Amino acid sequence: MHKNYLEQLQKLPITLILLISLICCIGFIVLYSAANSNLQPWAYKQIINFCIFLPLAIIIALIDLRIIFRLSYIFYLCVLALLVAVELFGSTAMGGKRWIDIGIVKLQPSEPIKIAVVLMLARYFHSLTIDDLTKFHKVIIPIIGVLIPAFLIIREPDLGTGMIVLIVSAIIFFAAGLRIKYFIILGLAALISLPIAWNMMYDYQKKRVMVFLDPEHDPLGASYNIIQSKIAIGSGSLFGRGLNQGSQSHLDFLPEHQTDFIFATFAEEFGFIGGMFLLILYFALITISLLIAANCREIFSKLMVIGITSILFIHVFINIAMVMGLLPVVGVPLPFISYGGTMIASMLIGFGLVMNAQVHRHTTLH
């Protein structure tokens, strides 16, 4: 058994681990700078979370793939139960009811539910045949399994995370081979329901859409964040103003500069070159993950890796487009960079599963 674990350790994708570690280290530096060259309160906690969950990710990578396969539904149901618990007695902060306070830490179940939905869908589609994908009663089951957590998340309210769950799920449905007609039907249904969705949105969400359409709509109110974000990114120029030299974040012009708008903080201090370097790291991480998916023997592993990689890509795309004013502000953090214990834990666990697919790529589930 000892020899077997050593062999598995040798199969770990070291490049993937190094890329994740490098991106996280960039996050530590930005959080340190955002707190005026102080490890407290953000960088220190983020480093602790990294030191706990990176080894856990490696342990997950070594677990037998068949165990993960068997536990997928159980994990999904457990995290779904936590989402229901948030609805019933979650703690409210920053205008949303998104956390469960267990004393030592606050859990945000909307982060791990993304991983849980990926595992649930990967296991379900693994068991289907090509013919099953043409049968409505077979397809409606996973759709319901996606809509329940998405509905609970949007009710918190957390529209951004709810949309990510839906988009990632759609990607997995497509990768599993679902017929295009279902996507057309769902797309038409979404278009028809837009007026209803608009009426159900909170006032602050409507204001964010209006700000996206007209950035100068309310410069001292709803438009303030995005205007300050653009100023921060623009003032970074080519090489940046230097570590701890960003005026927008250090003079408190830029709100949420340690979470949703951290890329603006980073771009102001490290410039266009720094921003491009970070994007290249993300691109490399996504590319390696997709290569792992391409080499997976089992449908379960392939869909699991595609789903987790999609979570990373969509987060990066939405966050950076959001801080540049190309998308409405929806409160989506930047993976491995933005401050948040549940977020970094979920992403590291997710990539532990990606590494598991690489280590156990020759394992058969039946």
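Every residue gets a Cβ built from N, Cα and C, even glycine.
Straight from TrEMBL, the features:
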- 12-35: transmembrane segment (TRANSMEM)
- 47-67: transmembrane segment (TRANSMEM)
- 74-93: transmembrane segment (TRANSMEM)
- 136-154: transmembrane segment (TRANSMEM)
- 160-178: transmembrane segment (TRANSMEM)
- 183-202: transmembrane segment (TRANSMEM)
- 270-293: transmembrane segment (TRANSMEM)
- 305-330: transmembrane segment (TRANSMEM)
- 336-357: transmembrane segment (TRANSMEM)
Cβ contacts the transmembrane segment (160-178)/the transmembrane segment (336-357), at least three under 8 Å, sequence gap 6 or more: no
Beyond the flanks of the transmembrane segment (12-35) by at least 6 residues, Cβ under 8 Å: 41-43, 46-47, 50, 54, 58, 61, 243-244, 246, 249, 257-258, 262, 265-266, 269, 278, 281-282, 284-285, 288-289, 292, 335-339, 344, 348, 351, 354-355, 358-359
Listed stretch, out of 47-67, 74-93, 183-202, 270-293, 305-330, that has the most CB pairs under 8 angstroms to the transmembrane segment (336-357): 47-67
Highest-contact recorded stretch vs the transmembrane segment (305-330), from 74-93, 183-202, 270-293, CB pairs under 8 Å: 270-293
